[in-house]
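Here is the structure we will look at.
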Amino acid sequence: MQKEIAGDAPSAPTTRVRHRKRNSDVGAGAGKPNGNHLLVNDSKKYKSFLIRAYSTFWMIGGFALIVYLGHLYITAMVVVIQIFMARELFNLLRKTHEDKQLPGFRLLNWHFFFTAMLFVYGRILSQRLVNTVTPDKVLYRLVTSLIKYHMAICYSLYISGFVWFILTLKKKMYKYQFSQYAWTHMILIVVFTQSSFTVANIFEGIFWFLLPASLIVINDIFAYICGFFFGRTPLIKLSPKKTWEGFIGASITTVISAFLLANIMGRFLWLTCPREDLSTGWLLCDPGPLFKQETHALPGWISDWLPWKEISILPVQWHALCLGLFASIIAPFGGFFASGFKRAFKIKDFGDSIPGHGGITDRMDCQMVMAVFAYIYHQSFVVPEVLSVDKLLDQIITSLTLEEQQALLVKLGQMLQEKVIGS
């Protein structure tokens, strides 16, 4: 009897510790009375609805303020979101006991993270940084030199992290350390792949960032509302609370919203003008034919039922319909993927930083899928395939030194002079 008591005694605290760590376990809905119930049957749904609505209100308000401040502030917001996402994902597979035996090992994860950040943003923003500092000769020389050796600098930082990792390998900890190494690199791919497209969209014109992001928010809100009030038919086993009613209702609302929002956003130069540098001043530009109104006569069978015979729309609204269809039909699969991932690790949410929503990563699953599509769609079907003077100048400023640019100018002048004389 004493042996049994002595043998069982240590198991009590272990059970309590595991319970605290897994208090959000949703593997099969155990411990959660509404784990696999539809929202329409959830007795606590109104409390959950109010908490979620309150958080959504503040997030939309803060987002609107940052959009008003401009491209650079939106990029800073994306960076902050990346850091929080990486933190949540790093913590997912960490084990406190192992980390205590590996002092400084967590710091290595962040070393790789900020090295990847330097590489990605250096590639995306290099030309705009050059455009910003061009008037200052000293800064211009410094920046162009850094850009020239940017890849070598990033590679050196990565190799230093790689050597650091090898030197920290510890007996009986190899498996944990290599799993963390692989997990870190997977996080970097997930986080920085989508963010690079997101930032590229921002500087192509806030419109191409704001509209796709807004459509995901609208789709998420109306999927929740339609499922909340009308949901009866489960949609997918990975997300038991998702319903066909919510999915269809959100899809219709998202497509309609895409068409209408494109018309509203397309009227503001602040949203449609691309930003060629890293300044924060007001923008004035010719937004191009996509954002100029066109008048279309309505077919007779439609105009008979309406008080007007023609409508004025922006050509970009047709592109917005494609974005709306993707946001409502394909992008939600990013959320389903995240749901399956969380079930694999037996967690409810990636974090708890947003009341009623979970963590930052829980809000970004569909946004990541949408940002990549928006960029690819914009480059493939919206941007004209022409070699413009601006693009040539960008390549000259970035790739050539000041002396080479002067030599090019002299050579170009001679060629033009010969053409004029020859004609």
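Backbone N, Cα and C atoms are what each Cβ position is placed from, and that goes for glycine too.
According to Swiss-Prot, the feature N-acetylmethionine maps to Met1, an assignment based on similarity to another entry. What Swiss-Prot records for 1-32 is region 'Disordered'. Residues annotated as transmembrane segment in Swiss-Prot, with sequence analysis given as evidence: 60-80, 102-122, 149-169, 183-203, 205-225, 246-266, 321-341, 369-389.
Only sequence-distant pairs (6 or more apart) were considered; of these, fewer than three Cβ pairs between the transmembrane segment (60-80) and the transmembrane segment (149-169) are under 8 A, so the stretches are not in contact.
With a threshold of 8 Å between CB atoms, the same-chain residues lying at least 6 positions outside the transmembrane segment (149-169) that come near it are 102, 104-105, 108, 111-112, 115, 118-119, 122-123, 126, 177, 181.
If one looks beyond the transmembrane segment (183-203) by at least 6 residues along the same chain, the residues whose Cβ comes under 8 Å of a Cβ in the stretch are 71, 74-75, 78, 82, 85-86, 89-90, 93, 108-109, 112-113, 116-117, 120-121, 123-125, 128, 209, 212, 274-276, 364, 367-369, 371-372, 374-376, 378.
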